[in-house]
Amino acid sequence: MAGRPAVSASSRWLEGIRKWYYNAAGFNKLGLMRDDTIHENDDVKEAIRRLPENLYNDRVFRIKRALDLSMRQQILPKEQWTKYEEDKSYLEPYLKEVIRERKEREEWAKK
């Protein structure tokens, strides 16, 4: 039982570091989400192609708005920043599926 509070305290500390880094990265000040900043390789491009239309349109809007703000060297008002708690990984399920399918194709190609 003595170890339990230490785990809880360390996980709270780690969560605090995550929130600090999230805000320090700065993409949230432009209204972007984490998944909007992923480097686009072939797997990511395919995952983006598979997004439902509403998620895809939201992503395009956030990226265009961020580019516009960046060109004008501005950031959004603080109340419009993407909050750590609200940042959902919308691309991850699609990306995992694409990677799984690619690995499966590679396995079949080996045989």
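Positions of Cβ are set from backbone N, Cα and C atoms, glycine also.
Here is what Swiss-Prot records for this protein:
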- Ala2: N-acetylalanine (MOD_RES)
- Lys19: N6-acetyllysine (MOD_RES)
- Lys78: N6-acetyllysine (MOD_RES)
- Lys78: N6-succinyllysine (MOD_RES)
- Lys83: N6-acetyllysine (MOD_RES)
- Lys88: N6-succinyllysine (MOD_RES)
- Lys88: N6-acetyllysine (MOD_RES)
- Lys96: N6-acetyllysine (MOD_RES)
Three states by DSSP: which one describes Lys19 (N6-acetyllysine)? helix
From modified residues Lys19, Lys88, Lys96, the one whose Cα lies nearest Lys78 (N6-acetyllysine): Lys19
